[in-house]
Structure formats: structure tokens, C-alpha cells
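A.B. asks: According to TrEMBL, the transmembrane segment annotation covers 6-28, 40-63, 69-87, 133-156, 162-182, 194-212.
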Amino acid sequence: MTWTALLSLLGVHIIGMASPGPDVFLVLRLATKSRRHAIAAVAGISTGATIWMTLTVFGFAAVITANPLLMGVIQLVGGCYLIYMGISMAKAGINTLRELRAGAAPALGSEALRSPKATFRQGFFTNMSNPKIVLFLTAVLSQFIPAGASVGTLVLCTLVLIVSQIAFFLFIAIVVSTDAVVKRMVLAGPWIDTVAGVIFLVLGALLVASGAEAAL
């Protein structure tokens, strides 16, 4: 595998991560409230992504993609989880907006957050909720990893994907959680919660529909 192919793989992966999705919105939402919790979520997201990437790079993901029932069940469970998350986020955002309209002063990090361990699990299950990431990774990797690649090449590709994943989300968590950014976004916080909740609801509903179709 050439360095050009490896850098191209990295570039495509970064573009894919930057596309708005549950992982990005979860980290953005938490970073406006607590850097510690945002980093815990990044750890959970990265753990889930590491599992998907390892399965895909070493070919084990074919077991999932070749079994529509298994794929469907994973999508159903993941979709229900995203819907639950969406309802919780939207409810928190709407309640805060009502408080602001009633005259309450906005406060930085005022929302009671779960423990970092719980936030880690939140990030992990959010990432693991969508097995279709396997289809994306398979399509991308097939363009850059030559057939019959050595174990060393596969390990290198996996490490590049994992390290870039961690670095990307840590960058978001650290930048957005700085005082300057948080102060600018404090009034937008409830809207971020509400919009993120709606997005989670929509994505969850789509996953449930797709999973039901595959399973049935």
C-alpha cells in the first residue's frame, strides 16, 4: 500500500467523520456543558468506532453484511436507542427554552449531567447503534487496500483510522468547551439540544424502518 493511498484513505475518513451525524452532535452538545463529559463521550465513540473499524479491515464485518436478519436486529435496537436519546435531548432543550422565556437567566453548564462513565456508555452505544458504518467503511477500504494485503498493512490502516477518529473528536470537544466558545454558545445551548434531539429522532426512525424491512 502506497503512502498516497494511505493519505487518501485518511482524507476520505476525515470527510466522513465531519459529516453531521449522531456522534458529532453528541460531542458538540456535551462540550458546551462539560469538557470532561465531552471527552468521556469521545472515548466511548472511539471505542465503538474501533470495534467497527477492526471488524471491517480484517473482513469480519462480512458476517454482519451477509446476514440481513442480524443487520436488521442491530438496526432496530440501535434505532430505538437513538429515538430514546432524541426524546431526552429534545425534552431538555424545550424545558430550558421555557425557563428562559419565563425569565430565568442562562447559566453555563447548569444542566445536571450524568457521570462520565454513563456519558462514555452514551457515546459507545450512539456509535454502535448504526451498523451501516460497516457498509461505508467497506466501500471506502476496498478502494485503497489492495486484495491480499498483509496483516501489517491491515494493522497500519486500522491504526490510522482509529488515531484520526480520536484526534478529530478530541479536537471538537476541546475547542467547543473553551470558555470563549461556551460563552458565545450559552444562549444557543437549548437550541442545540432541541435540534440534536430532532436529528436523533429522525435518524433513529430511519434506522428502525430500515431494520424492520431487513428483519422482516
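One is the number of the first residue shown, and numbering goes on along the chain from there.
Heads up, the Cβ atoms here are built off N, Cα and C, so glycines get one too.
TrEMBL entries are annotated by machine, without manual review.
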A.B. asks: State the residues, same chain only, that lie 6 or more residues beyond the ends of the transmembrane segment (40-63) and have a CB under 8 A from a CB inside it; answer 'none' if no residue qualifies.
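C.D. replies: Distal contacts: 23, 26-27, 30, 70, 116-117, 119-128, 131, 133-134, 137-138, 141, 145, 154, 157-158, 161-162, 165-166, 169-170, 173.
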A.B. asks: Taking a Cβ cut-off under 8 Å, which residues six or more beyond the ends of the transmembrane segment (162-182) line up next to it in the same chain?
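C.D. replies: Answer is 10, 13-14, 17-18, 23-24, 27-28, 30-32, 34-35, 38-39, 41-42, 45-46, 49-50, 53, 108-109.
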